[in-house]
Amino acid sequence: MSSDAEMAVFGEAAPYLRKSEKERIEAQNRPFDAKTSVFVAEPKESFVKGTIQSKDAGKVTVKTEAGATLTVKEDQIFPMNPPKYDKIEDMAMMTHLHEPAVLYNLKERYAAWMIYTYSGLFCVTVNPYKWLPVYNPEVVAAYRGKKRQEAPPHIFSISDNAYQFMLTDRENQSILITGESGAGKTVNTKRVIQYFATIAVTGDKKKEEATSGKMQGTLEDQIISANPLLEAFGNAKTVRNDNSSRFGKFIRIHFGTTGKLASADIETYLLEKSRVTFQLKAERSYHIFYQITSNKKPELIEMLLITTNPYDYPFVSQGEISVASIDDQEELMATDSAIDILGFTNDEKVSIYKLTGAVMHYGNMKFKQKQREEQAEPDGTEVADKAAYLQGLNSADLLKALCYPRVKVGNEYVTKGQTVEQVTNAVGALAKAMYEKMFLWMVTRINQQLDTKQPRQYFIGVLDIAGFEIFDFNSLEQLCINFTNEKLQQFFNHHMFVLEQEEYKKEGIEWTFIDFGMDLAACIELIEKPMGIFSILEEECMFPKATDTSFKNKLYEQHLGKSANFQKPKVVKGKAEAHFSLIHYAGTVDYNITGWLDKNKDPLNETVVGLYQKSSVKTLAYLFSGAQTAEAEASSGGAAKKGAKKKGSSFQTVSALFRENLNKLMTNLRSTHPHFVRCIIPNETKTPGAMEHELVLHQLRCNGVLEGIRICRKGFPSRILYADFKQRYKVLNASAIPEGQYIDSKKASEKLLGSIDIDHTQYKFGHTKVFFKAGLLGLLEEMRDDKLAQLITRTQAMCRGFLARVEYQKMVERRESIFCIQYNIRAFMNVKHWPWMKLFFKIKPLLKSAETEKEMATMKEEFQKTKDDLAKSEAKRKELEEKMVSLLKEKNDLQLQVQAEAEGLADAEERCDQLIKTKIQLEAKIKEVTERAEDEEEINAELTAKKRKLEDECSELKKDIDDLELTLAKVEKEKHATENKVKNLTEEMAGLDETIAKLTKEKKALQEAHQQTLDDLQAEEDKVNTLTKAKIKLEQQVDDLEGSLEQEKKLRMDLERAKRKLEGDLKLAQESIMDIENEKQQLDERLKKKEFEMSNLQSKIEDEQAIGIQLQKKIKELQARIEELEEEIEAERASRAKAEKQRSDLSRELEEISERLEEAGGATSAQIEMNKKREAEFQKMRRDLEEATLQHEATAATLRKKHADSVAELGEQIDNLQRVKQKLEKEKSEMKMEIDDLASNVETVSKAKGNLEKMCRTLEDQVSELKSKEEEQQRLINDLTTQRGRLQTESGEFSRQLDEKEALVSQLSRGKQAFTQQIEELKRQLEEEVKAKNALAHALQSSRHDCDLLREQYEEEQESKAELQRALSKANSEVAQWRTKYETDAIQRTEELEEAKKKLAQRLQAAEEHVEAVNAKCASLEKTKQRLQNEVEDLMLDVERTNAACAALDKKQRNFDKILAEWKQKYEETHAELEASQKEARSLGTELFKMKNAYEESLDQLETLKRENKNLQQEISDLTEQIAEGGKRIHELEKIKKQVEQEKCELQAALEEAEASLEHEEGKILRIQLELNQVKSEIDRKIAEKDEEIDQLKRNHIRVVESMQSTLDAEIRSRNDAIRIKKKMEGDLNEMEIQLNHSNRMAAEALRNYRNTQGILKDTQLHLDDALRGQEDLKEQLAMVERRANLLQAEIEELRATLEQTERSRKIAEQELLDASERVQLLHTQNTSLINTKKKLETDISQIQGEMEDIVQEARNAEEKAKKAITDAAMMAEELKKEQDTSAHLERMKKNMEQTVKDLQLRLDEAEQLALKGGKKQIQKLEARVRELEGEVESEQKRNAEAVKGLRKHERRVKELTYQTEEDRKNILRLQDLVDKLQAKVKSYKRQAEEAEEQSNTNLSKFRKIQHELEEAEERADIAESQVNKLRVKSREVHTKIISEE
């Protein structure tokens, strides 16, 4: 934003362009609440500002600035922008972009008189309705060369940008100033022209004035002056605008190579000439009328014979006559000076004023009706005299021409009477035509004057066209104007929204297409397309009796109810009648069609036009010189034909001319780079500063302002080609682009932009250009300017440094020279007083004196010579100087001449170019005329020559007839031969019919078998569905009843039995397919037999074709002769027509003579006699002409007779043949060969032969088609059967399809190989896992001390498991790829088959239509037969190879089965080991139960513990409720997921440690049993020692109690922390359980869908494989492999589960072993005090034992559940289920351990109390117990660490399983789509089979029909023979006649 100092250059315009700094600071500091400040929708003012008071249930209460309170919906409020965006210059920069924000920004700027605002890529201007100082010269200078962002918004900124774009981009520009009428378009257009005329002056005005003598001003002045002149004659006051342009103009300002003005031209569109004679009440006519009557120039009033009162002239005073905002007197002076500046001559200027005055007088001409007649006559001649005087006419002639016009009726001219209304309309039409032509002539003269002939390179076009108009009365002019605005708006929309986004797509930029809903095509097409409004209007204008009513009816019939934009208007009282309504983009407009036909035809009184052409006012004569009247046309004499043509071409309706000009305009605009200025009308009352919200909003919506801002903000409005960008902006970082090596412009641009410090999201790279967001290019330009400034500064510094160094070097050299001189002078000064040196000085000159004397003498001589030479040279020099002066003068003169000649040469070159163009056009016309003349001469010569040749040709025809007789004899022989062939063919067809019947039976049988297989497959699918349902039920039973492992095995066996049953059904289906293949082989053998028979037929057909070709050649020769004779007849007809034209010319001349006689005066008797004589002469000439025509007809008749004698006198036979020819021509090209029957009977014979050949071919085609249809039906079962019944061309195509199917076989085999590889990989992985299991089991049995080693092996096993999962997912993805590829290939094959079917149908039709195609097809059949045989052999080889491959695969399958059996055996062994370990676990459980009975005595002491346990259970129930509530906070827990996972790991580790401690307690119980006996024996001995140790124990106990108290406090704190963590973790675990359950369900469903689709896929694959030989076994084996792989995978998962269980038990056992060893040592160190605490400990142990048994039982149940889930669910679901079970088990263990910790703490408390009582021994026992607990804590910590590791592994596994689930889901969907497509194909094949049956029936009917036609052809051949005999007789008679005549 510029400062106030920078804005000072704009002078007094600064406050009208940009806010001051003070206002900006105040706006930024103004208080603003972004949450409550809003715009709210309000009915009266559309939107008002307000603040939100409250919100309630979708309703918002807003208090407006006016104090009103509104309650609206939330979608009716819009957020307000911060204050810093108030009066923003570019609305695209606003934070909140919506309608109220744009409206209020415009309103606030308009209130501050800032009328220009940017809106993205274009400028919006609001009409101020007052003068503002924003167009002053200092403003023009301030905007010159400024970038858009550097200066405030202004029309000058748009203009300067267009100018700069033209110079930099070297592309034509255009500025489209659009908007509604009264929005300020004309003013902005003038300002644009003013700007260009100011900044781009030519600079050489003197030269310009010298080169163009007529010019009164410079080019700049002329361009500016064109506007006042055009406005005076083309602008008028309307309801909405005081200075409305009533015509459109497109001003092109041309610039030279340097950017200076070169020339200009103006194109105008659609002047509203109806305004000349009619205005509405609130409007007035064109300004010129009122300027003239303003009396500013009284000489005009006198010259034009008018008054100063406009009301004296009805044409210009029907509305208002004055406008407050226009000074007509000043405008008249401006118009007058503009005429002078634009170079109009004085005569032309006077003519303009005179014709304008004549138009005014025309409105005063009055006519009245004659008495008792309808004829009009003048009502006074005074006005007519004035008008005629001003037009240079005779008033009497003018009145006569108006009242009695001459009209052409036929070939005569008649004087027509006119009514008063007709004369008045004619006067108005003449006035409008004269004014329009004068306006267009003025534009042409302006263009001539503005054309300076200077070289022009580019132009900037400024479009100012009438805005959208909605008046009370809308006529044809309004429709044209509104249609133009529709086109311009569509251009704007297309350029701004569609082209912009299409270029993004074309350039490859990521862009989502935005439909802004701005397509106006419907309304445009309604107006301009065929059968649109303009089309119907022009059509009605062509009909003489058309009326407005008929036009309206046609419009209603064509569009009412059919087009949404065309409506019937409602009748409103007080408004003008409307006939139809159109919905335009700016609103609905009612149109009145009254007088549209006349307006469109624009009829003129031709008699008056003829007077105009003879006017003494040269301008008027010139205006109408191009009009070709009927009389002038008639008087053109010999050029009548040319004149008629010119009149026909000149008749063009107004609408057609308008559309032509509009299309040219749109073409010009599309070739330029457009800049849009959208003018807005603020109010209807023309009040300055007032703005009507709804009116402005309507214009914003219609003009696309909001959409333009959006596309500017979202899109990339600036773009540069890569090469241009690299060249222009390389300076920003030259190092980014390496020098000396080639680099692509795109890569260079990418590197350059990447190295610059800018926002890299603000640009995108396209294919050819780099695209920038709005504003970024300006930033780059600023950076470039700064960089250039730096570079130039650096260059200047380097240059200055170089110059300084050069100067310094010179100084150094001068210094050295000075030192040398000083040295020499000092040396001289030292020796000059030395005596010897003085002697040297004296003697040395004397030594050289003699020599010097000689030299002096020679020098004197040379001096004398040089003196003489100097005198001579001086004389010569003076002469040369004189010559030089003269030559310089001549040179200057020559330069001036050369300059003038160069300019003349440029003009001459342009003229030469124009002359060359005209010469080329004239040469083309001359060439056409000469060619026509030559053609006429050739035709005449040919006629004479052909007349002479007719007799010769008659004799030749006789010879031909003799030849035909000979050929006829041959043809008869051939006919007998063909009859025999036809009989043979009919016999063969009978055989073929039998084979067809057999084939149909076989087809039905195959269809039944196919249907049976489909039914079987459906039954299998039903079984699979029932099985899946049963499986689901079983899964539910597993979840509900927790069945045992034996039940799962039973279910598995049931499933395997079902699978075996399905496999057996599949084998049965495969056996049926083998039977079908055997039948196919039999059909192949039959096909070979048929092919052999067809080859024999082909050889016969080829022989007949050779004969047929010879006959056709002869027929064509005869036909050519007949055509020549017909051409001669046509030539005679042409000569006759020429004679008739000459007769019409003579009649025209006679009529003209009679008319001239009538015009010369009255009809005297002498003249009547002369007329009679001339009529007699005319009759005589007519008779002569008729005789001549009769002679021509006689000659033509003689020619026809001769032709009939030679050929056509063949009589009835030729007539019959001609009728046959006509009939055959109507049947298009079906029987094309029968046309030759016109020549001779030979053609009939050849036609019969052709019919026979056609029958043969059609029969063959029918057979082939039946076979092809049969093959299509059988393709579902076996695609190879498609070769049956086809001819060799069709069989070739289907053999290619067979190749494709074989390719599919190879693909499937490759897929099978891929599957086998996958299976082998699975085997290897299974072997590795089994080895790992064996190693682990061996390690478990051998030693429990290798825990760490086994743990590492377990981790490796998990990694291998993950690898297996990845490999399996990869294999599944490959399978999916193969399936998709197979699917696409299958679809392509079916599409190709359907295309082949269509091609076959086309070929059948072509064979029926073109019998000649038999020759080529017969030749191709032999080739295709050989190729087919080769392909069949290749196919047999391929089949053998596939069979061998199948055998190899069988061997591999058997080996794989053996391997699987071995794995099963190993699995059973491991399972047995697992069961043994479980039995051991049960035995341990029983021992624990026994121990529990032994410790029942301590139950009394545990009652207190039980109460506390109940309290804890209550707390646990509360915690479970909290866990349920925690499931609702899933999204919150996800945020702290990382922390929770860490805590979960710690907690799970603690749970595992607790579990280990429980297991440790079990081992402890066993040890205690052993120790009890020893303890009993020692108790008696230690009782005596008890009393002695009590005192010591008390002291020790006090210390222990204190330490225990501290430890208990720490334990309480840790317990509280653990409880808190537990609550969090329980919520997390519950959430994870829900997620796991959900994923389990999803996985189960996906698995069920997967299995269903797998079953369907197998069935469909089996159906598809039926079409491929030998593929059934492959499919079956593939299915078996997949099932076995699934079983193996399930078994692997079971083994993994059991392995994990054994691993867990192994770990527990190891931990127990360690604990046991520690406890043994501790027990040995314990004292006898354990006897008293033994019972308490035994009760604790018994309680723990019971809880442990429950835990073990729960673990067993969980294991059984996990096994069931593993067997029934898929691989992924099993893993997830296992994780869920383990997490539940850990949760239960955690709870139990918490309980045990509490119990232990209670026991500790009790132990303390007992210790106080029991003494020293009890204290020792408690201390030992404390140590035990500390050891347990340490072991728990170790287990915690191990659990963390395990938990992380499980988490990784869960992620892998979720990924695998997603892949399986995608595969299932893909398979489902494939199944749907294959089912659709099966249905289409069924439908095709039915169609084939129908086609076979139709072919049989066609065959019978052809047989019938063959019989008819034989009858016609017999008839032809009899006709030939008749022709022979007639030819002999003709011959005898000719001989007798000669």
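Cβ atoms are placed via backbone N, Cα and C, with glycine included.
Annotation source Swiss-Prot lists ATP binding site at Gly179, Glu180, Ser181, Gly182, Ala183, Gly184, Lys185, Thr186. Long-range neighbours of Ala183 (ATP binding site) (same chain, six or more residues apart, CB within less than 8 Å of its CB): Thr125, Asn127, Gly467, Cys679, Ile680, Ile681, Gln699.
Annotation source Swiss-Prot lists phosphothreonine at Thr419 (among others), citing similarity to another entry. Note on Thr419 (phosphothreonine): other Cβ atoms within 10 Å of its Cβ, all shown chains, come to 15.
With a threshold of 8 Å between CB atoms, the same-chain residues lying at least 6 positions outside the region 'Actin-binding' (662-684) that come near it are 106, 110, 119, 121-127, 129, 155, 158, 161-162, 165, 169, 171-185, 188, 240, 250, 267, 269, 461, 463, 467, 483-484, 487, 491-492, 495-496, 690-692, 695-696, 699-700, 703, 705, 708. Per Swiss-Prot, the feature region 'Actin-binding' maps to 662-684.
The coiled coil feature in Swiss-Prot is assigned to 849-1930.
Per Swiss-Prot, phosphoserine is recorded for Ser1099 (among others). Around Ser1099 (phosphoserine), no same-chain residue six or more apart in sequence has its CB under 8 Å from its CB.
Feature annotation from Swiss-Prot assigns region 'Disordered' to 1130-1175.
The phosphoserine annotation in Swiss-Prot covers Ser1165 (among others).
According to Swiss-Prot, the feature phosphoserine maps to Ser1246 (among others).
Here Swiss-Prot flags Ser1264 (among others) as phosphoserine, drawing on similarity to another entry.
The phosphoserine feature in Swiss-Prot is assigned to Ser1291 (among others).
Residues annotated as phosphoserine in Swiss-Prot: Ser1295 (among others).
Annotation source Swiss-Prot lists phosphoserine at Ser1306 (among others).
Feature annotation from Swiss-Prot assigns phosphothreonine to Thr1470 (among others).
The phosphotyrosine annotation in Swiss-Prot covers Tyr1495 (among others).
Annotation comment: Swiss-Prot describes Ser1517 (among others) as phosphoserine, evidence class similarity to another entry.
Positions annotated as phosphothreonine by Swiss-Prot: Thr1733 (among others).
In the region 'Actin-binding' (662-684), the DSSP tally of helix, strand and coil residues is 9 helix, 8 strand, 6 coil. Thr186 (ATP binding site) sits 42 Å from Thr419 (phosphothreonine), taking the C-alpha atoms as the reference points.
When the alpha carbons of Lys185 (ATP binding site) and Thr419 (phosphothreonine) are compared, the span between them is 44 angstrom.
Straight-line distance linking the Cα atoms of Ser181 (ATP binding site) and Thr419 (phosphothreonine), rounded to a whole number, equals 39 Å. Cα-Cα distance from Gly184 (ATP binding site) to Thr419 (phosphothreonine): 45 Å (rounded to the nearest whole number).
Across the structure, Glu180 (ATP binding site) and Thr419 (phosphothreonine) are spaced 41 Å apart at their Cα atoms. This prediction places the mean pLDDT of the region 'Actin-binding' (662-684) at 91. Those residues of the chain, other than Gly179, Glu180, Ser181, Gly182, Ala183, Gly184, Lys185, Thr186, with a C-beta within 8 angstroms of the mean position of the ATP site C-beta atoms are Asn127, Asn241, Ser244, Gly467, Cys679, Ile681.
Mapped onto three states, the DSSP output places Gly179 (ATP binding site) in strand.
According to its DSSP assignment, Thr419 (phosphothreonine) is coil.
Note: Gly182 (ATP binding site) has non-local neighbours Asn127, Thr238, Arg240, Asn241, Ser244, Gly467, Ile681, Lys686, i.e. same-chain residues 6+ apart with C-beta under 8 A of its own C-beta. Summarising the environment of Glu180 (ATP binding site), the number of other Cβ atoms within 10 Å of its Cβ, over all protein chains shown, is 25. In sequence order, Lys185, Gly467, Arg678, Cys679, Ile680, Ile681, Gln699, Asn703 are the residues near Gly179 (ATP binding site), counting only same-chain partners six or more apart with C-beta under 8 A. The Cβ of Ser181 (ATP binding site) has 22 other Cβ atoms within 10 Å, all protein chains considered. Annotation note: Ser1099 (phosphoserine) sits in a helical segment as assigned by DSSP.
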